[in-house]
């Protein structure tokens, strides 16, 4: 950059204020060179040379001419300017063309531009708004104006954009891939659950340990509950004095020799033990079969439906039975056993009729139990519930 010699001389602050020049001002301190032919005294040096030490040096003696550069090496031509033909740097910095250039000390010498002091003042009264500017025209409005002016509008076809998805991304968007990801996520969640790292449905509850403890408690409660609520098969007993009692239901008792058969109705006096049950027992179906104990032939049946019994008690029930048997002739042992037990007492010398031996089997369906249950017992020397007339067959 070019520089101004006069400005450099005015850059000394001490000279600006008109004070006494400092002996260290190298530009204003004019020292007289020693006459020719005389030898400079090396003991006399400028204070500026004390920076280089106490030893005298030729290059540090400003009063002695040497081959170095000093202010007497060139002719003082005033302001030095750059080579013409290129753009002036001072003009780039805002200096007027052909002027003295930009003075860096202008503000200190009161030679610079004066700044306005109007900033911050409040002007009372009406202030006119700035004039409206022409609104900016958007491309769409410009296109509409051109089309309304009757200009030719050229319609072009914009090519469709290519696919921006990768093949892997397109495969990941398929339903099968999403189902596979969901299956993998469920399997990962299940593996974490088996390792006791998470609970059910992503919560902290329902871990494997908690479920095991919960199942154990549930099984204990269920076992205790079932022990009191599951019905038990009751026990059956009979009246020891007269297990069979006469029934008033038709038909009337009938025995015949040709063909050999008999039929009559009777009730069996039962004692049902339900003391082992904690809830009432309901028989959806209770049936009985009577077999002759000597011949094992079926001689009677019975059925009772929809009967309920109280819990923790003994219940007396008269179970209806229908005895029916058909034989080939009157020499059949089964027919003979029942006929001898039921014929008139007058036909015996001691007036005592023999008893009958049979086995009775109960088949029952109890509410709360799966399947059917059976219970049976044998009864010996049972008196016939009725007596045939003496003139009967």
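A Cβ is built for glycine as well, from the same backbone N, Cα and C atoms used for every other residue.
Annotated by TrEMBL as transmembrane segment, the relevant range among 191-210, 211-230, 231-250, 251-270 is 211-230. Of the given residue ranges 130-149, 150-169, 170-189, TrEMBL assigns the label region 'Disordered' to 130-149.
Taking Cβ pairs closer than 8 Å, the transmembrane segment (211-230) reaches residues 200, 278-279, 368-369 in its own chain, all 6 or more past its ends.
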